[in-house]
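S.K.: Submitted below is the structure of interest, expressed as structure tokens.
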Amino acid sequence: MLTMGTALSQQVDANWQTYIMIAVYFLILIVIGFYGYKQATGNLSEYMLGGRSIGPYITALSAGASDMSGWMIMGLPGSVYSTGLSAMWITIGLTLGAYINYFVVAPRLRVYTELAGDAITLPDFFKNRLNDKNNVLKIISGLIIVVFFTLYTHSGFVSGGKLFESAFGLDYHFGLILVAFIVIFYTFFGGYLAVSITDFFQGVIMLIAMVMVPIVAMMNLNGWGTFHDVAAMKPTNLNLFKGLSFIGIISLFSWGLGYFGQPHIIVRFMSIKSHKMLPKARRLGISWMAVGLLGAVAVGLTGIAFVPAYHIKLEDPETLFIVMSQVLFHPLVGGFLLAAILAAIMSTISSQLLVTSSSLTEDFYKLIRGEEKAKTHQKEFVMIGRLSVLVVAIVAIAIAWNPNDTILNLVGNAWAGFGASFSPLVLFALYWKGLTRAGAVSGMVSGALVVIVWIAWIKPLAHINEIFGLYEIIPGFIVSVIVTYVVSKLTKKPGAFVETDLNKVRDIVREK
């Protein structure tokens with residue numbers, strides 16, 4: 001999910017106890033990174049994918065934490081505070097999309113990526129699945145990942161820097177460097193194992209925060225009567241359909257389509273120890289997501305009553321959680337809640353860094369060095385993976401150095417870009433024997449292009465007809481599906497091995 005992109009302008013008071021809690025949080029992340037480093041054996045698959053040995057509970061919470069980012073704690077409560085319950089449509093779409101993802105994509109992807117040459121990245125899976133000897137598909141999909149995730153990562157660094165600036169009154173660049181250093185440390189040294197464990201730890205912090213803040217806020221207001229007060233202030237605050245047209249509802253609901261093609265999320269399914277563990281992961285993951293999102297909605301709704309009751313001037317709705325955590329709680333607890341925001345931001349940054357590093361190493365460096373070198377020089381490739389983490393982070397920091405850079409405006413569309421270009425391709429690759437390399441390349445590129453064209457030239461026409469304001473993932477997804485299918489039908493069919501592999505994957509997934 002998208003990280004915060006807007007400025008956090010509401011400064012709150014912080015004392016030494018708050019700083020101590022943040023320091024303890026950072027120390028725990030460093031220890032986990034060191035633990036991941038000590039567990040490493042110099043194997044590339046282990047560094048990038050945890051050796052496919054991750055349990056269901058870490059899988060579930062790491063997928064959730066890397067997905068939600070600062071949006072769940074900052075963006076969603078701010079949106080509900082500003083518009084009321086109608087903002088909840090996006091949470092319904094996301095929860096449904098994530099739930100379907102666990103059923104439709106997760107089991108087959110876990111089995112198929114191992115069967116198809118033990119692929120450790122999505123582009124590598126596409127290459128092996130479609131016998132792409134020229135590596136065209138691998139290079140194009142790898143480039144999409146590297147470019148978009150570098151921008152994604154930059155957005156996370158901006159959010160971290162602005163959090164320290166707004167919550168502590170510290171210099172933006174100091175906060176940026178501090179967040180970057182901690183994330184780079186545990187990702188660089190600990191690899192996938194450290195990232196997954198820290199995501200689990202951060203997921204727990206995020207969940208506690210999203211349950212604690214609205215409950216304490218209600219206790220300090222009017223209990224369950226707080227929602228009655230919110231409705232009395234403005235009846236439409238609790239109206240799920242307020243201010244939304246059919247197009248608006250569909251646009252919010254369609255965010256769920258993006259899940260099937262988000263590399264930093266579906267890589268979690270590839271790393272789980274066995275596909276048979278996915279039901280456990282699904283139950284915990286979806287429960288975590290539902291409770292967390294409902295908590296975020298509750299923060300926004302209680303905030304509508306909280307702000308006037310405490311005579312607070314809220315300059316930026318996205319700072320609502322920060323303000324409530326500092327006003328309602330002891331500084332030590334307030335520090336814990338600020339750590340929850342950092343957890344949300346940093347869990348996404350680390351996941352995106354590692355996916356980008358994996359792509360640079362597996363999808364590009366391996367092409368230069370060759371398959372045989374990759375098998376016999378594993379430590380070299382692990383070192384290249386670590387250096388890739390550092391390089392991508394430095395580029396993202398450089399872009400984030402100017403937080404007002406216009407590139408930030410593009411990051412909000414990356415979810416749609418991945419969803420339109422990768423989601424249909426992943427589904428076709430897992431279920432349809434007729435998919436061809438030409439169809440895959442055409443569908444992926446057309447989906448991405450439609451998203452770009454829709455954002456640049458179609459959406460500005462929304463004032464003429466609201467259909468033009470449709471969320472860009474919908475036209476992008478539809479065009480990608482059509483182009484992939486039509487081009488695959490018109491081009492040379494894949495070999496018989498594809499049907500054999502698909503049947504084998506289906507049979508393994510059905511095993512109890």
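From the backbone N, Cα and C atoms, a Cβ is placed for every residue, glycine too.
What Swiss-Prot lists as transmembrane segment is 16-36, 54-74, 85-105, 139-159, 174-194, 200-220, 240-260, 327-347, 381-401, 410-430, 438-458, 467-487 (among others), and the listing cites sequence analysis.
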S.K.: Under a criterion of three or more Cβ pairs within a distance under 8 Å and sequence separation of at least 6, are the transmembrane segment (16-36) and the transmembrane segment (139-159) in contact?
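M.R.: Answer no, regions not in contact.
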S.K.: Which sequence positions outside the transmembrane segment (410-430), separated from its termini by at least 6 residues, show Cβ-Cβ distances below 8 Å to it?
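M.R.: For the transmembrane segment (410-430), the sequence-distant neighbours (Cβ-Cβ under 8 Å, at least 6 residues beyond its ends) are 1-3, 5, 104-105, 108-109, 112, 122, 125-126, 129-130, 141, 144, 148-149, 151-152, 154-155, 255, 257-263, 266, 439-440, 443-445, 447-448, 450-452, 455, 471-473, 476-477, 479-481, 484-485, 488, 505.
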S.K.: For the transmembrane segment (174-194), name the stretch out of 139-159, 240-260, 381-401, 438-458, 467-487 with the most CB-CB pairs under 8 Å.
M.R.: 381-401
S.K.: For the transmembrane segment (327-347), which recorded stretch in the set 85-105, 139-159, 438-458, 467-487 gives the largest number of Cβ pairs separated by under 8 Å?
M.R.: 139-159
S.K.: At a C-beta cut-off of under 8 Å, are there same-chain residues at least 6 beyond the transmembrane segment (200-220) that contact it? List them, or none.
M.R.: 25, 28-29, 32, 57-58, 61-62, 64-65, 68, 72-73, 226, 288, 291-292, 295-296, 298-299, 301-303, 306, 321, 324-325, 328-329, 336-337, 339-340, 343-344, 346-347
S.K.: Six or more residues beyond either end and a Cβ under 8 Å away: which residues meet both conditions relative to the transmembrane segment (467-487)?
M.R.: 247-248, 250-252, 254-255, 257-258, 413, 415-417, 419-421, 423-425, 428, 435-436, 438-440, 442-444, 446-448, 450-451, 454-455, 458-461
S.K.: Among the recorded stretches 54-74, 139-159, 240-260, 438-458, which has the greatest number of Cβ pairs closer than 8 Å to the transmembrane segment (85-105)?
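M.R.: Ranked by Cβ pairs under 8 Å, first place goes to 240-260.
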S.K.: Counting only residues 6+ away from its ends, which parts of the chain sit with a Cβ under 8 Å from the transmembrane segment (139-159)?
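M.R.: Tertiary neighbours of the transmembrane segment (139-159) are 2-5, 69-70, 74, 121-123, 126, 176, 179-180, 263-264, 345-346, 348-349, 352-353, 355-356, 359-360, 363-364, 367, 392-393, 395-397, 399-400, 403, 407-408, 410-411, 414, 417-418, 421-422, 441, 444-445, 448.
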